[in-house]
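Per TrEMBL, domain 'Carbohydrate kinase FGGY N-terminal' is recorded for 4-247. Taken from TrEMBL, the feature site 'Important for activity' covers Asp9. Residues or ranges marked as substrate binding site by TrEMBL: Met82, His83. Residues or ranges marked as active site, proton acceptor by TrEMBL: Asp240. Here TrEMBL flags 258-442 as domain 'Carbohydrate kinase FGGY C-terminal'.
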Amino acid sequence: MSEYVLGVDLGTSAVKVSAMNKDGEIVAQQSFDYPLSQPHPGYSEQNPEDWVSGTTVAIVRLILDDQIKPEEIEGISFSGQMHGLVLLDENRQVLRPAILWNDTRTTKQRHEIEAQLGDKFVEITKNQPLEGFTLPKMLWVKENEPEIWAQAKTFLLPKDYVRYRMTGKLAMDYSDATGTVLLDVKAGQWSQEICDALDIPMSMCPPLMKSIDSAGKVSQSYALFSGLSTDTEVFGGGADNAAGAVGAGILSPNMVLSSIGTSGVVLKYEENADVDYHGVLQFEDHAIPDSYYSMGVTLAAGYSLNWFKKTFAQDVSFDEMVESAANSGVGANGLIYTPYIVGERAPYADADIRGSFIGVDGTHKKTDFVRAVLEGIIFSFKDIMDIYDAHHNDFDTVVAIGGGAKSPLWLQIQADIFNKKVVSLENEQGPGMGAAMMAAVGLGWFDTFQECADKFVHFGKEYLPDPKRAQQYDKVHEIYGKVYKSTSELSHELLAYRRDNDI
Ligand SMILES: Nc1ncnc2c1ncn2[C@@H]1O[C@H](COP(=O)(O)OP(=O)(O)O)[C@@H](O)[C@H]1O
Ligand SMILES: O=C(CO)[C@@H](O)[C@H](O)COP(=O)(O)O
């Protein structure tokens, strides 16, 4: 009899479920897309039921189409889009659509937290209370939808809600809990001080668990719904970036992760919680017990490309559009794109900044615009790399994951802009792989993540920087670096036109 684990990667654009065997081979994969609702600029919501249905459809397809036998699935674990607020009432019913990580309606709440707790907040949570994180979202509901807040008895993050629906148990793992900015990171528990200061009942905070801990077995009701067996063990899982790091083999401080999903992330493994980026970078508990990671997030990475395609290139395939950028050159013939189209998190924590194309010329072609978008996203990543450089972090290898790592051209652009070796994975599914690895370690298939990674993580092609292009990109990045400052006032002046349409 074969033995499998399922890694559920609950992303922003889709859920992808991978079935892996003990040799670390992906034997089958299914995915299901779901919509993102953006009713106003700055808003971003999803229906938690869509996550449950999408995950279930993908699992049913693994069983029916790929002939994975339910009794052969030993464990399931998760990689979840982070920070999204799911509010449940006393009957554990969802009270409103989930408010997602890329929703930035909460600037007022961010400032309220800063005014009330100041530096103490960063000391406790190791993060700033940025718009995207869960706590400001809770305060927004409290202030703007008091009737819903009055009914709220607990909150969960996206993958925790799916796990709850599979097992009937409420829980949150540490790696995702840091992203709520309600956790006292050093103490490893919910912060009484923050809850008290902001009048959040501690009773709303769910029980904490490790990523490799079991939340129990698939419940009778979910087994009936999905076809899974009630013998399958369901594990905690982790934040998608923690899972991505595990699935990409980032298990030591000399390697860095670059992830292009809907968001973009540059991430580094941290051995202890003593390092201090003063909240400029996010600092999170890892899915690996007793370790951490730091990261900088570009809110619109893959999202920028999706937006560009939807708006200007509907007639070609995604691959065709991306590869057309090869017809332009380094610096896109003098065109620069800044990817701030839904605001930004790092290095500029500014929810109201917006993107721009700088240097548009009458000779520019669509291929230049595509190239500028690809480059602008990576320039934003380079800004994060520069922060690591400033902290004297030495690393030589960047492992690239996410949907963006499907493009060889974009991987080469990464190598040239970072001026570092970029390595892809054989399968670009870092987070899904990481999720499966958490189940594999949780089940005891392996004693450590390192042992598991030796079996599961397979590096693919390497992309080396071209010295000439790297030098040229250095200069363009310098110009790119001036765009934020030069456009921030203009962006803020345009805010009223984005939000109100009645001026
Ligand atoms: N062929 C491709 N080449 C480059 N980028 C791609 C390609 N296909 C998809 N992408 C990018 O990958 C992103 C989705 O990546 P994924 O890791 O699946 O995201 P998420 O986890 O946020 O759902 C899309 O936003 C898109 O811009
Ligand atoms: O907000 C963050 C990290 O802090 C995002 O990285 C989300 O976790 C969503 O990720 P993707 O859907 O882009 O993978």
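Every residue gets a Cβ built from N, Cα and C, even glycine.
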- Message: Roughly how many Å lie between the Cα atoms of Met82 (substrate binding site) and Asp9 (site 'Important for activity'), rounded to a whole value?
- Response: 11
- Item | Surrounding CB atoms that lie within 10 Å of the CB of Met82 (substrate binding site), all protein chains | 27
- Note on the structure: Sequence-ordered list of residues in the chain of Asp240 (active site, proton acceptor) that lie 6 or more positions away and have a Cβ within less than 8 Å of its Cβ, or none, is Asp9, Leu10, Gly11, Ser79, Gly80, Gln81, Met82, Gly261, Pro431
- Are there residues of the same chain, six or more positions away from His83 (substrate binding site), whose CB falls under 8 angstroms from its CB, and which are they? Leu100, Trp101, Gly132, Phe133, Thr134, Lys137, Leu157, Gly179, Thr180
- Query: What is the average pLDDT across the domain 'Carbohydrate kinase FGGY N-terminal' (4-247)?
  - Reply: 97
- Using DSSP reduced to three states, classify Asp9 (site 'Important for activity') as helix, strand or coil. strand
- Query: Which number gives the other C-beta atoms within 10 angstroms of the C-beta of Asp9 (site 'Important for activity'), all protein chains shown included?
  - Reply: 32
